[in-house]
Amino acid sequence: MKRLWQHCHAATLKGGKYSIVEDAALVTDGPLIHWIGPRAELPPGDYAERIDLGGAWLTPGLIDCHTHAVFGGNRSGEFEQRLEGVSYAVIAAAGGGIASTVRATREASEEELLASARKRLEPLLRDGVTALEIKSGYGLDLASERKMLRVIRRLGERLPATVRSTCLAAHALPPEYAGRADDYIEHICSTMLPALAGEGLVDAVDAFCEHLAFSPAQVERVFIAARELGLPVKLHAEQLSSLHGSSLAARYRALSADHLEYMTEDDARAMGEAGTVAVLLPGAFYLLRETQLPPIDALRRHGVAMAIASDLNPGTSPALSLRLMLNMACTLFRLTPEETLAGVTLHAARALGLEASHGSLEVGKLADFVAWDIERPAELAYWLGGDLPKRVIRHAEEVYRG
């Protein structure tokens with residue numbers, strides 16, 4: 001069924017630029033974009049429905065390409081402690097930090113995790129997100145990681161959004177493997193990944209390469225295991241120190257390397273040559289009061305595509321707004337509004353391997369788009385909060401109206 005969407009302007013994000021079409025029209029045929037361009041050039045046709053968008057601006061549906069949205073409990077108490085000057089080391093020694101989230105996630109039922117994650121994700125979806133990634137990594141044993149990944153799959157079946165599932169078993173060392181990181185990595189590679197991939201629960205594999213998590217050599221073992229299973233890889237890298245994990249990610253043609261505050265020029269060059277996307281996470285940078293900025297100029301010099309994501313998680317980025325991350329990326333990291341919009345559309349799609357079907361308003365791609373109540377695209381990075389979407393459209397069907 002063909003629909004005509006008109007009386008609008010469009011920032012198509014074709015090629016990662018605004019690529020603006022004034023007085024635009026868009027034709028959908030089933031779930032796909034059939035035609036887009038100036039309304040004056042609209043070819044004649046029969047349409048089952050004509051939708052007047054009232055002068056709204058259209059953009060591709062937003063894509064949150066890095067979240068940890070499935071978890072038990074929350075850590076608001078620790079947030080208060082940190083503000084009172086208690087160090088993370090003291091909190092962790094008392095059983096807090098990621099260990100507390102692992103306990104709560106292991107104890108929660110699948111239904112409880114599903115309900116809490118859905119509640120967290122609703123604000124993102126109402127604000128224009130039509131695709132997202134969710135990572136596991138708070139289970140850290142086979143049964144609990146399976147539970148998390150099953151919840152992620154169920155969210156994909158129930159939410160009006162495309163949901164990609166990433167296995168992050170190599171997120172932290174579980175308490176039962178204390179002092180035996182190599183043994184845990186072996187367990188991931190020989191048992192967990194084959195089982196979870198065999199059940200169809202995994203779209204990609206991630207790891208945390210950092211001095212408080214896993215070494216590059218350990219991460220490489222995970223990458224090799226993922227490659228043998230035919231799964232693409234991603235990496236948390238260079239958030240707190242430089243271990244050149246981003247260069248390792250580039251060597252394995254990772255979809256993305258994420259955080260990157262401490263990456264070097266050589267790391268950026270390697271990522272540019274490999275086509276690995278840099279996923280920047282200003283929410284975690286802000287909450288942790290970091291001062292080491294990602295090397296944005298180096299990423300630009302080497303042609304590295306930059307995505308922006310919420311990093312929604314209970315410890316370092318309890319962020320329920322992807323649009324807020326656009327403003328943070330501009331004000332904290334000095335990206336342009338155009339770069340940030342590309343970062344939550346086309347480049348975010350690339351970071352999930354979805355660029356053929358998502359991320360820009362082009363013929364043949366899915367008709368996932370948002371009609372915004374704004375006067376120019378830069379407003380998406382300018383306003384802090386507010387209900388800006390007039391309509392959120394997924395697969396040519398309205399899923400939210402403001």
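Glycine too: its Cβ is placed from the backbone N, Cα and C atoms.
Annotation source Swiss-Prot lists Zn(2+) binding site at HIS66, HIS68, HIS236, ASP311, citing sequence analysis. The secondary structure of ASP311 (Zn(2+) binding site), as reduced to three states from DSSP, is coil rather than helix or strand. The Cβ of ASP311 (Zn(2+) binding site) has 27 neighbouring Cβ atoms from other residues within 10 Å, across all protein chains displayed.
Per Swiss-Prot, the feature Fe(3+) binding site maps to HIS66, HIS68, HIS236, ASP311.
The 4-imidazolone-5-propanoate binding site annotation in Swiss-Prot covers ARG75, TYR138, HIS171, GLN239, THR316. Listed in sequence order, GLY283, ALA284, LEU287, LEU288 are the same-chain residues at least 6 apart in sequence whose CB falls under 8 Å from the CB of THR316 (4-imidazolone-5-propanoate binding site). Reduced to three states, the DSSP call for THR316 (4-imidazolone-5-propanoate binding site) is coil.
The Cβ of GLY315 (N-formimidoyl-L-glutamate binding site) lies under 8 Å from the Cβ of ARG75, GLU78, GLY97, ILE98, THR101, each of these being in the same chain and 6 or more residues away along the sequence. As annotated by Swiss-Prot, N-formimidoyl-L-glutamate binding site applies to TYR138, ASN313, GLY315, with the evidence given as sequence analysis.
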Of the binding-site residues TYR138, HIS171, ASN313, which one sits closest to HIS68 (Zn(2+) binding site) when you measure Cα to Cα?
-> ASN313
Taking HIS236 (Zn(2+) binding site) as the reference, which of TYR138, HIS171, ASN313 (the binding-site residues) have a CA within 10 A of its CA?
-> HIS171
Excluding its own, the Cβ atoms lying within 10 Å of the Cβ of ASN313 (N-formimidoyl-L-glutamate binding site) add up to 24
Minimum Cα separation from TYR138 (4-imidazolone-5-propanoate binding site), reported as the residue among binding-site residues HIS66, ASP311, ASN313 that achieves it | ASN313
To test your reading of the N-formimidoyl-L-glutamate site: which residues beyond TYR138, ASN313, GLY315, same chain only, put their Cβ within 8 Å of the Cβ centroid of those residues?
-> HIS68, PHE71, ARG75, ILE98, THR101, GLY137, PRO314, THR316
Nearest-integer angstrom distance between the alpha carbons (Cα) of HIS66 (Zn(2+) binding site) and ASN313 (N-formimidoyl-L-glutamate binding site) = 10
